[in-house]
Amino acid sequence: MIDPKLLRNNIEAVNLALAKRGVQLDPTEWASLEVRRKELQSKTESLQAERNAGAKQVGQIKKAGGDASEIMTRMQAIGDEIKAAEVALAELQAEIEQKALSIPNLPDESVPEGKDENDNVEISKWGTPRQFDFEIKDHTDLGEWMGGLEFETATKLTGSRFSVLKGPLARLQRALTQFMLDTHTLKNGYTEAYVPYLVNADSLRGTGQLPKFEEDLFKLQGEKEYYLIPTAEVPVTNFVRDEIIDAERLPLKYAAHTPCFRSEAGSYGRDTRGLIRQHQFDKVEMVQIVKPEDSMQALEELTGHAEGILQALGLPYRKILLCGGDMGFGSTKTYDLEVWVPSQNTYREISSCSNMGDFQARRMMARYRTDQKKTELVHTLNGSGLAVGRTLLAVMENYQRADGAIEVPEVLRPYMGGATYID
């Protein structure tokens, strides 16, 4: 959530920043809400002052032996008016908060203008796509030929956009996960975390999925309001909800491996073949909690950690700076990493790394205690390090051989019992 003071006092600056997203707020509406809020707050405070003065007057009259019944009757009426004014003020503040929760984060000044992915800016490329001297297969054909990737079985078990991995491919996915976690925890300084795969609505409000994106979530039926996590970002970032952290503890850095569950609402007909777009997929997520002045440098570091995984695996990729119109709801700046997929002859997203600024922290009331003993909002960051299923398909396609076997990248061989290939 963006700073309410900006909405109250500088809506023009908010709209100027949101223009990069193609979003504009109605200044008249927000001015009207602020006028009503001030009127109700002033009325409430005035009535409270009148009640306090009346109580003092009653005490003086009774002390003098006089009759204070008339004033006491008026005070009772004032009490009823105060209750009504407080209810009206609370309802208005709830309305303002709900409207504020639907406003996306303000893009950083360095974010380019643009409407969609066509306006994103390529920052760099790493690696050279392999030139094959045989007719290549996509990962779906490779997996089915090996007998280790089954979509029909998953459809029978659950439905479309699910998959079953068996044998060497299942082991390769586990190897990728272990390699990612080992790299982030042993080399990059993250603390490993395993978290619940079900979260409550407060957690999803904290990270920004609710209330705006409920249709993208899987919600459980029953008495308790639980949702399947769309990413480990949700539970891990909420570690600091309603907390005040000592400054010397920052930054906090966590890495978590979880399945992720997404309804993929609005993606009907897109990427229906293979592992690109699934309702359930594994991901290793990185989360950092930092001081405000450190967050932009932390974004570069976190993105570099995701790049390091791709480089260690020898997978060609490119780094993209997202334009305002393509950024996620809660982000102030985002880099996407796109891996080369030979069968599609293009790059596809494999990691998204975002600085959320204080947007999530304000929703969560996540603060830290400064050296001056004041409390300020932390900044939060998150990034995929990496999406495991998409990394698996990238390894399968980029490391395939003419005989259908798949070479095992050197860094994964210790996790594969020394195997140099699988078939």
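From the backbone N, Cα and C atoms, a Cβ is placed for every residue, glycine too.
The L-serine binding site annotation in Swiss-Prot covers THR231, ALA232, GLU233, GLU285, SER384, and the record cites sequence analysis as its basis. Spatially close to ALA232 (L-serine binding site) yet at least six residues away along the chain are ALA193, VAL195, ALA256, HIS257, THR258, CYS260, LYS283, GLU285, VAL287, judged by Cβ distances under 8 angstroms.
Listed in sequence order, ASP216, LEU217, PHE218, PRO230, HIS279 are the same-chain residues at least 6 apart in sequence whose CB falls under 8 Å from the CB of ARG262 (ATP binding site). Marked as ATP binding site by Swiss-Prot: ARG262, SER263, GLU264, GLU349, ILE350, SER351, SER352.
Here the C-alpha separation of GLU233 (L-serine binding site) and SER352 (ATP binding site) works out to 12 Å. Spacing of SER263 (ATP binding site) relative to SER384 (L-serine binding site) is 19 Å (Cα to Cα, whole number). Candidate binding-site residues: THR231, SER263, SER351, SER352, SER384. Fewest other C-beta atoms within 10 angstroms, SER263. Here the Cβ of GLU349 (ATP binding site) has 16 other Cβ atoms within 10 Å, regardless of which shown protein chain they belong to. Put simply, THR231 (L-serine binding site) is 13 Å from GLU264 (ATP binding site) when counted between their Cα atoms.
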